[in-house]
Amino acid sequence: MSNASLVTAFILTGLPHAPGLDALLFGIFLVVYVLTVLGNLLILLVIRVDSHLHTPMYYFLTNLSFIDMWFSTVTVPKMLMTLVSPSGRAISFHSCVAQLYFFHFLGSTECFLYTVMSYDRYLAISYPLRYTSMMSGSRCALLATGTWLSGSLHSAVQTILTFHLPYCGPNQIQHYFCDAPPILKLACADTSANVMVIFVDIGIVASGCFVLIVLSYVSIVCSILRIRTSDGRRRAFQTCASHCIVVLCFFVPCVVIYLRPGSMDAMDGVVAIFYTVLTPLLNPVVYTLRNKEVKKAVLKLRDKVAHPQRK
C-alpha cells in the first residue's frame, strides 16, 4: 500500500432506505443472519456425524455451508451496525482491507465451488456406474483445495489493485461494506488501469464459471431426458431447477454490479443483498434441507440428543 495514504478510516453510507425503517431492517436482517448461521452449522454437524452422508456431493456441500456461514458474517454484522447508530458506519482502513479481502476470497471460492458441484452432479447423473471411481476421495479433496486456492489468488489481486493507491481525501463509501468499485472512486490517483484489470479479472472468473455451470446443466438435462420414468425425470428436473435458482441469485447480481458499464450507484447495495444475504440463507434449504437423506439424518440427530441413552 502507498505511504501517501492519509485516510485512516472510512464511513459506510449503509443500505439505501427510508430513515424510519432502521429498526425494521435491523430486525429482519438479524433474523436472517441468525437463521443463516444456524442452518449452515446444522448442515455441517449433520453431515459430520452421519456416515451415510460421507459422499462427494455432501463433501462439497460442507465446503459450501462453511463458506456461506462466513461469507454472510463478513458483511451482515457490519451492516447491522450501520443501522443501529451513526458511529457504527465507521470502519478503520485496515479493517476495510480485511473485509474486502475476505469478501472476495469467500465469494470467488463459492463461485468456483458452484462450478465443481455442477460438474459433480453431471458425473453422478451421466455416469452413475463409474461415478464412485471418477470422484474418489483424493480427487474431491484436490478439487476443493483448488477452489480455495483460486479464490485466495483472485481476492489477493482485487485487494492489491484497490489498496495500493493513495487515499487522501473523501472517505465516504457508497455501500454497506468495503468493496472495490466504490472504494476506487475515493482514490487520489488515476484508477482507469485498476478498474480495467479488476473488470477483466472478475469477468473471466464469473463468466468462465457460469459458462461451465451452464454446460454441465445442459449435459445433465440431456441425461435426464433419457430417463425412462416420468417420475424420475420430474424429480431430477425439480432438483436442477432449485440449484439453478440459487446459482442465478448469486451470479446475476454479480454481473449487474461488477460487469456493467458505468459507475456504481447507491442502489447496487440493494442488489448486493441477493448474494450477501439471500443466497447464504437459501443454500441450506435448496441443497440439503429439501433432501430426504439429510432430513432423515436430522431426525436421527434429534433423537440422539433427546434420548442419548438409546442405542
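Positions of Cβ are set from backbone N, Cα and C atoms, glycine also.
Of the given residue ranges 76-96, 139-159, Swiss-Prot assigns the label transmembrane segment to 139-159. Going by Swiss-Prot, the topological domain containing Y131 carries a different name from the one containing D268, and the two residues are therefore on opposite sides of the membrane. According to its DSSP assignment, C96 (disulfide bond) is helical. Remote same-chain residues near the topological domain 'Cytoplasmic' (45-52) are listed as 58, 61-62, 288, 293-294, 297-298, 300-301 (criterion: CB distance under 8 Å, separation of at least six residues from the stretch ends). Across the topological domain 'Cytoplasmic' (217-236), DSSP classifies residues as 16 helix, 0 strand, 4 coil.
Sequence-distant contacts (6 or more apart, same chain, Cβ under 8 Å) of C96 (disulfide bond) comprise F10, I173, C178, I183. Where the transmembrane segment (237-257) meets the stretches 24-44, 99-119, 139-159, 197-216, 269-289, the count of C-beta pairs under 8 angstroms peaks at 269-289.
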